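One structure is given below, represented as structure tokens, and several questions about it will come after.
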Amino acid sequence: MLNTDLRQGITTHEVEARRKRFGFNELATEKTNLLKQFLSYFQGPVLYVMELAALLAAGLGDWVDFGVICGILLLNAFVGWYQEKQAADVVASLRGDIAMKATVVRDGGEQTILAREIVPGDIIIVEEGQTVPADVRLICNYDTPEDYERYLQMKEEDLFDDSSDPDDEKDDENIDEERPITQGHSLIATDQSAITGESLAVDKYMGEVAYYTTGCKRGKAYGIALTSARHSFVGRTASLVQGAKDQGHFKAIMNSIGTALLVLVMFFILAAWIGGFFRHLGIATPRGGTESSGTLLHYALILLIVGVPVGLPVVTTTTLAVGAAYLAEERAIVQKLTAIESLAGVDVLCSDKTGTLTANQLSIREPYVAEGQDVNWMMAVAALASSHNLKSLDPIDKVTLLTIRRYPKAREILNQGWKTEKFTPFDPVSKRITTVCHMGGDKYVCAKGAPKAILNLSNCDEETARLFRDKAADFARRGFRSLGVAYQKNGGDWVLLGLLSMFDPPREDTAQTIVEAQQLGVPVKMLTGDAIAIAKETCKMLALGTKVYNSTKLIHGGLSGTTQHDLVERADGFAEVFPEHKYQVVEMLQQRGHLTAMTGDGVNDAPSLKKADCGIAVEGSTEAAQAAADIVFLAPGLSTIVLAIKIARQIFQRMKAYIQYRIALCLHLELYLVTSMIIINETIRAELIVFIALFADLATVAVAYDNAFSEPRPVEWQLPKIWLISVVLGILLALGTWVIRGTLFLPNGGIIQNFGSIQEILFLEVALTENWLIFVTRGGKTFPSFQLVFAIFGVDVMATIFCLFGWLSGGLYQTDPPSTYNFRADGWVDVVTVVVVWAYSIGVTIVIAMVYYLLNKISWLNDLGRKDRTRKDPAIENMIAALSKLSLEHGKDKHGVDRYVLAARAAEEEDDE
């Protein structure tokens, strides 16, 4: 399979055969089995209890109950499956916009295909700026395909390294000096920092492996795909953690609510049974003329139906899925649904400067030219020290090349027949770009980079160096990024040419968006690689605050423990940061109890994106950053992120409203039914109870589409507050039902105007007050959506029809004390009585709404269950800081016994900037 001809590639027929064997070239989790996904909606503690209730109904021969319970289960499963599939399709269509592409040789010609379509044996063209689309063994330089014969010869002699682990490349002991594959020029250089942690690009020679998902920083070469992504080095690593599926905070919350409700159900069943023992009720068969629902197992069945919120897992999951589709409309791809919950609770946003806070539209202002130097020669050298790959130009290189238009003489210099020998891209250690090139028999090394890095190359006099530094500082104070330019001719001294000044203006909407974010309780911290003066100037323009510190103050400033954490909390931003600094900032904020969002775009940002509570890959980010992020944004700027936070809070509000509503519903019927079973030996018939449960589920399917409001501060579950309010609402609902039941003991029938039935009147009152409760818990800050209004109105009409025609009312209960009014045996209720029940239910709902409003006005209750977002623990923080300065040393004592001792860590040598 790996003997593919370089010029012909493999044929379309071979591609199909290999794909059947190896599958698609992607790490994505196995394709969702729709049937398996549908069946998953019948799994979980809450659903198992409902399935037990269905079996109990079948065992008791209550086929109406059995059919309706099965209908509820199927309805929930279908709605959940369908809504999640619809939302996933929206997100998937958007995800196609960021799919990785690759250039391959097939059927004798070059083709651009999706990277997932690569098969082992494909000839791939790897070039600068692209992500390596598979584990690829390099064959030869793109411009010298004749070297293919040499590659075949070396392969025949078995001279290639078989190592499939990039860490082996760093192990000096493994390097065989006689290995011929590191002779000559490297074909490409790849950024392996995400795999091995190396900050410098790694040179790759003929026969070496370039690893899947690493970024090509330099060069263009042919390679052959060794295997599919799943079996690549990265794929094998990913498979190690695939089995450990993270349930997430959201799942844990749902399970805790479900478990608490199940415990309550068991308690209420026990109470009802104890009451039943005193009433001498049968276990499964009615005794002495008792109504068919008056048995212990029927009591258990009724309480299982009302006490278990069967729709809870489905409605909350589909609310998240529909929310993901809402975010997709705003050009934000949600990689995992639980990220929405994290985004809603974020209280610190760490943001990149370039492209997020600023427009990423660099322009070169008037350059500074060193004394005795020519501006045209300086611009020509700056252009030579730029990437020559026009497909994937860095913004700085792009603006440098575009500015050449303003300098005709510089263009003439560049047209004099320059030949590039070697191009070394920018890296965070050397902080410069260099190009080795030739013209007219002379060898030139052109360099462009950070002013300090360029100044360190030259041996200029102190006066020139001082002028250079002063000018760079002046540019920085004005908010300009400056780049030094220098060259070396035929191995002589480096000559300083001057400074290019670049300006990246803030986005028009950024300052307003930052104010908006602060009003939402999400302060923005700027993390940038620019100099501190530029960072401060940008902060002034954006009204961000000027408490901006150099990253060296954070790491090497002598701070540790609590003082270091305090600095990170107080700072408005950090300048001259490397990826590891971002990681430390996120970690320290999390240790203080903050939920942190982090934006990033490069391969190097992947660790901090993973570490953050909500990793955000901004527009134009690399595939590696997108893979590590929880949410990928396809629209530029900070405003899209702030908008996403608002949408996430709305989604969270929908879930919170539904959960409060559902707990109150469970408690309402549990309290009323158990007390009525014990006190008057009566219950609402099981057949009517299942329809109350069905109506509650039908009505709340539309919650996912409701017009929710966005909280003005970061949201939290606040479970103690949810439970307290839900218990109060449940008690009020139960009291409302008891009032209407109490009137039916009056000789004149109480609420009944002409004729009626206890069962049907209770059924209608319970159905109406429970359905309308969602309007209370959702809050009054926004109007409900027409979907929610129509869904609830629809089930109210159905409940009214049930009541009018006495459907499933059954026989009369013999209550204790008995009722004296003569109720209709067929269960019919007159229209006037129905109108009165509606009016009474509206009154109950208004009272409940007033109580709910007053409860939310109590300040201590509003903060009940909120976590301390600025928790300090100086003792622990200082202890960890002290431990980080120690290391474990291995040695032998005088008797030759191995000993391990704690010793002070050797001081790290700092690079001289």
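Yeah, the Cβs are placed from backbone N, Cα and C, and that goes for glycine too.
Marked as compositional bias 'Acidic residues' by TrEMBL: 158-176. What TrEMBL records for 1-62 is domain 'Cation-transporting P-type ATPase N-terminal'. Sequence annotations record features per position, and here TrEMBL assigns region 'Disordered' to 158-182. The annotation transmembrane segment is assigned in TrEMBL to 38-57, 63-82, 252-276, 296-327, 659-680, 686-710, 722-740, 788-808, 828-855.
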What does DSSP give as the helix, strand and coil breakdown of the domain 'Cation-transporting P-type ATPase N-terminal' (1-62)?
33 helix, 1 strand, 28 coil
What residues elsewhere in the chain lie close to the transmembrane segment (722-740), defined as a C-beta under 8 angstroms and at least 6 residues from its ends?
260, 656, 659-660, 663-672, 675-676, 750-751, 761-762, 765-766, 769-770, 773, 776-777, 837, 840-841, 844, 847-848, 851-852, 855-856, 861, 864-865
Out of 38-57, 63-82, 296-327, 659-680, what stretch is closest in contact terms to the transmembrane segment (252-276), meaning most Cβ pairs under 8 angstroms?
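Counting Cβ pairs under 8 Å, the winner is 296-327.
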Pop the mean pLDDT for the domain 'Cation-transporting P-type ATPase N-terminal' (1-62) in here, whole number is fine.
84
